[in-house]
Structure formats: structure tokens, C-alpha cells
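> Below: one structure in C-alpha cells.
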Amino acid sequence: MRTSSAALLVLLPSVFAIPLGEAPSLRLDVTLSRVEDTRIKAVVKNVGSEDVTFVHINFFKDTAPVKKVALFQHDDSEIAFEGVEKLFKSSGLTEDVLTSLAPGDVYEDEFDVASTSNLSKGGHVTLHAVGRVPVVENSTITGSMPFKSNKLVIDVDGPKASKVAAAMKTMHKRTTVESCPSNDKQSALTTALQNAAYIASQAADAAESGPDVRFQEYFGTTDSETRGIVAARLRAAAAEASSTTFGQTSYYCYDVDEWCSPNVLAWTTQTTNTIANCDLYYTDIPPLTSVCHDQDQATTTLHELTHAPGVYNPGTEDFGYGYDAVAALSPDNALNNADTYSLFANAVYLNC
Ligand SMILES: [Zn+2]
């Protein structure tokens, strides 16, 4: 990949399966309705039986252009999301990114889906949100809970939708390669890329020919085709990480487009194959952890690399963060979930 000093990054929406053994007491229902044109209201309700606190980054209430709902055309094909995917830390989370709801409590969010997807074709568009949000206790992610919305069908006026301002205005030219303005950050990123290349390559070997039990633990299957796809995506990420001058992504050592916010480690924008690190990446997580299921710079970088469709198409989404959520995903979602790859690589590297 190219490294540079500026970039765009985004998080995608999620779709998850209800895991076995799910505690029925934790659950959010989302009711989607149309405000006007492509402007949508979401009412999020705690339909469980317990008070709950969760991270709302990449979820309803996040003010950045994150993926809150998936959009489908009448033929069920998904409409591309053109916003940002953010990856956040798992402990020491600050209050501003947390939402607490008592049983029966609700909150609302409004957003315009035409600002993060090209809806100029118009016609019937189905909106749906499903996934898992991280549950927090004492500022630390301790698990996850499912959320699910109604399926809302809206009739989109294409010309009108195309007049909605795109959220991502600062698209960088793919050819622009700038150097990192900080020697310390450049050095940390270079090390992280080397480490990411190493652990991704090792994880690719494990996906191809490692023990069934670990692969099953993370990907929910031992199907040979799935193992092949996982290995191929990890090899592509390793190849991308092994060069700072060639590749399909632009990797910025700093928050070039200002999508970082408190608690966010890094971001990616799939439409431009751009990745950027936030300051927290350098201060909050180690280069390479020796703790199973923990975050570090190498696996954060690997997480982001798997998002980029230029590295391996399709780019992954964010269906769940952290070991608990990852272990609860369906095989289909696990295969396309960024954190599943970084946690699998961590497990292979540390022999968890
Ligand atoms: Zn992500």
C-alpha cells in the first residue's frame, strides 16, 4: 500500500445472526420510518429486561456518515455504502460515545440515506438494520447484544436524491502520496504494517491447513471453500501490508479527513480504499499484544486492510467487534466481518 499523511475512513453497517445461548434479556428493536424523501427516522428501544449501556459509534446517534442501515434495490442487490467505517477501542470508553437505556426506554436518530449512498436511480429501496452493538460495563466492552429493525420500503425520487449533498466531500485523489508528517507515527505505522503482514500470513497458513477447531471457533465452519476465501483475503492483506510504496490502498498515518473522534482508533473509506489512523492508535494500544483477544496496532491495521475492496473484493463489513460478538456471528457474517480476521490472526499468533 501507499502510505501518506492524509486519508478517509469509514465503518459499515452490520448484519448478524442470533447466536446460540443468547441472553434474551439484552436486545434492541429499531423502528425505521420515513420523515421526508430519503430522510429517515430511527427509534431505538430497549426491549430487554435489563438496563443496558452500549457504544453508539457506527450506530444510531453517531453524527458521522456511518452505515446505520443497509439499502437494497428491488432485486435485493445491496446499494453501495459510501461513508466511513470507524474502529474504536474496547476499554476506557468515554461517556460521549455511550448510550444507556432502561427497559422500555427509547431514543431517536434522524439521517439521510442519500448522503451516504448513490440513490440517483430512484425506485423502490428497502432499508433494514440488523447486527450487534457492543455492551459496556465500567467503560469496557464486556459483550454484545443484537439489534434488528423493521424492513422499510421507500419510493425514491432519483433526481431529488441526487441533490442531497454527499457526506464524503473530501475524496482524495488516489494518486496522491504524501509522507507522514510525524517521524514517530511513521515509524509506528511501518512497524504495524510489518507485524500485520507477518500475522496475516501466518493466519492465512492456519486458515489453509491449521486445526479445524480454531477455524470453527472464529468462522463457524470448516468448509474448505470458506477456508480458501479466508486464506486468500489474509494473503492479500499480508501482501498489501508488506509494501509502503505499492498497492491498492492509501494509508495515512494521521486523521486526514477528520473522521476521528474520542475512542476511535482508525477509519477506512471503502469507496476510495483509504485508511487512516487516529491519535489513539499510537497512544492507546501496543504494537503487538501478548494478550489473547486483545487489540493492538498490528491487528487494527489488519482489520482496516480487510475493509478495503482494493485489497480483496468484497471488502469486509463490521458485523461485530471483539471476541464475544465475533464468536456469535453466523458463518456468512463471520466470513465478511473485519474483526473476525484480526481476532483470528491474534489467536493464531498467540496460540490462544
Ligand atoms: Zn471496521
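Quick reminder: no glycine exception, Cβ is built from N, Cα and C everywhere.
Sharing the features that TrEMBL gives for it:
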- Glu304: active site (ACT_SITE)
- His303, His307, Asp318: Zn(2+) binding site (BINDING)
- Cys180-Cys253: disulfide bond (DISULFID)
- Cys260-Cys278: disulfide bond (DISULFID)
- 1-17: signal peptide (SIGNAL)
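Describe the structural surroundings of these features, if you would.
Cβ neighbour count for Glu304 (active site) (all protein chains, 10 Å cutoff from its Cβ): 30.
Around the Cβ of Cys260 (disulfide bond), the number of neighbouring Cβ atoms within 10 Å comes to 22. Annotation note: Cys260 (disulfide bond) sits in a coil segment as assigned by DSSP.
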> For the recorded positions Cys180, Cys253, Cys260, Cys278, Glu304, which residues place their CB under 6 A from an atom of ligand 1?
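With ligand 1 as the reference and 6 Å as the Cβ limit, the list is empty: none.
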> Cα-Cα, whole number of Å: Cys180 (disulfide bond) versus Glu304 (active site)?
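Just about 18 Å between their Cα atoms.
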> Using C-alpha positions only, work out which of the recorded positions His303, Glu304, His307, Asp318 is nearest to Cys260 (disulfide bond).
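Closest recorded candidate to Cys260 (disulfide bond) by Cα: Glu304.
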> Between Glu304 (active site) and Asp318 (Zn(2+) binding site), find the distance joining the two CA atoms and give it rounded to the nearest Å.
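Checking the Cα atoms of Glu304 (active site) and Asp318 (Zn(2+) binding site) gives a distance of 10 Å.
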> According to DSSP, does His307 (Zn(2+) binding site) fall in a helix, a strand, or coil?
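Once the DSSP labels are grouped into three classes, His307 (Zn(2+) binding site) ends up as helix.
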> Suppose we draw a 10 Å sphere around the Cβ of Cys180 (disulfide bond). How many other Cβ atoms does it contain, all chains included?
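I count 22 other Cβ atoms within 10 Å of it.
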